[in-house]
């Protein structure tokens, strides 16, 4: 073991600006907390990998999937033992999945599990591992019911053969929570993540990285339901653990700063969001190769903040930096490329460059239609984005057609109270309003509101958006008093969650002033 010290205190040196005294105490291999943490990390880090497989696991963690794939293929060419080949093929399938080649990965995993089911007892841990891998691929493909089924098969085996506080059970609960979150079933997601956390708190030291991972996933759920303060608290708990045990340039610290930045952005605190994302980027630029996918992710998130504050050229530059990395390292039909094209399209749309926006969204859609099943949620998102552009161009019928395609996919695969359904109803309502079909617009907005009231906290910004849109329809119908009532509900929410100088507050107050003037003139 190398020399490791405990930081006992940090105190400023008197009369010496920016100098601090840091007393250190030498620890040793018998320190119980250090031993527990080291053993846990040793067990977690590549515990089932040996030799070349360990190297490939590390390369994959660094984002060098192509190099890992090349090594696995070379090993397959040389290996004759069928059991070793079987293992190599499964590892290679994991790399295929990370490269977005989901169908190839799925074929390998399904062939593998057929072999395992014949050769192994029904409760063998390798079967649980195979079901888990299949679940990961289905989740990435957006086939959440199949993913959930696979994860639950893995969990059933593990519950049969493992003690109730085994770390693999925590991992399965974690995976199930991630799927439920993507399905919009946030209470079930939270329950699963809390089960994972309970196991980890029971068996792991308080500063173990897997605890940070659980806090991170719980924070992500709270963020999705609009409980931003609770989300922020969870993300900060994850960050506190990581700051305690990891070097200051560790990629997991970057991940924590990234997540905190996303919450601040949703809270409308864009300067704090930008600061967090820039911290994440600084770490990643320091430790990762210049074409690493996590750098693309940072550029993407920074672009999203600049887009929200109306700095569209800066946003576009960030999104194009992300795209340049992804084009360099990913296959031409990778879903992350589609994501970049979608983000660029959203910026062009906000800049009023609708043809460029449409071109970008259509590139995204073309990739998605090539690699994803026809009912994948990402296809719905692309149809939605295309619909928004056509709406901005005044082509209401084409916009409506795109939004209805998005809705059809979402109704097919999502639970009836999923927030993306509310988003579709909202966008269809906006198009009907532009067409002057106010009753249909009102009906769509009320469907959106009904879903949001069912699943979101009472001060969520999407509720404010629904009340605002309903107010706009009533105002267009000349029902000023009813419109004012809706605007007042929207304003009450926005005043709770937005800073007092936020442009949304100013805009809504101006609309309300106009309506008050109309009412007083009657």
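Backbone N, Cα and C atoms are what each Cβ position is placed from, and that goes for glycine too.
Because TrEMBL annotations are produced automatically, they should be read as predictions rather than curated entries.
As recorded in TrEMBL, the features of this protein are as follows:
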- 128-161: repeat 'TPR' (REPEAT)
- 170-203: repeat 'TPR' (REPEAT)
- 212-245: repeat 'TPR' (REPEAT)
- 254-287: repeat 'TPR' (REPEAT)
- 296-329: repeat 'TPR' (REPEAT)
- 338-371: repeat 'TPR' (REPEAT)
- 380-413: repeat 'TPR' (REPEAT)
- 422-455: repeat 'TPR' (REPEAT)
- 464-497: repeat 'TPR' (REPEAT)
Within-chain partners of the repeat 'TPR' (380-413) [C-beta distance under 8 Å, separation at least 6 from its ends]: 142, 144-145, 338, 342, 345-346, 349, 352, 354, 357-358, 361-362, 364-365, 368, 374, 420-421, 423-425, 427-428, 430-432, 434-435
Tally of DSSP helical, extended and coil residues in the repeat 'TPR' (254-287): 31 helix, 0 strand, 3 coil
Cβ-Cβ under 8 Å with the repeat 'TPR' (170-203): same-chain residues at least 6 beyond its ends: 128, 132, 135-136, 139, 142, 144, 147-148, 151-152, 154-155, 158, 164, 210-211, 213-215, 217-218, 220-222, 224-225, 377, 414-415, 417-420, 455
Beyond the flanks of the repeat 'TPR' (464-497) by 6 or more, those residues with Cβ under 8 Å of it: 228, 267-268, 422, 426, 429-430, 433, 438, 441-442, 445-446, 448-449, 452, 458, 504-505, 508-509, 511-512, 515-516, 518-519
Long-range neighbours of the repeat 'TPR' (296-329), counting only residues six or more past its ends (CB under 8 A): 63, 66, 254, 258, 261-262, 265, 270, 273-274, 277-278, 280-281, 284, 290, 336-337, 339-341, 343-344, 346-348, 350-351
DSSP helix/strand/coil residue counts for the repeat 'TPR' (464-497): 31 helix, 0 strand, 3 coil
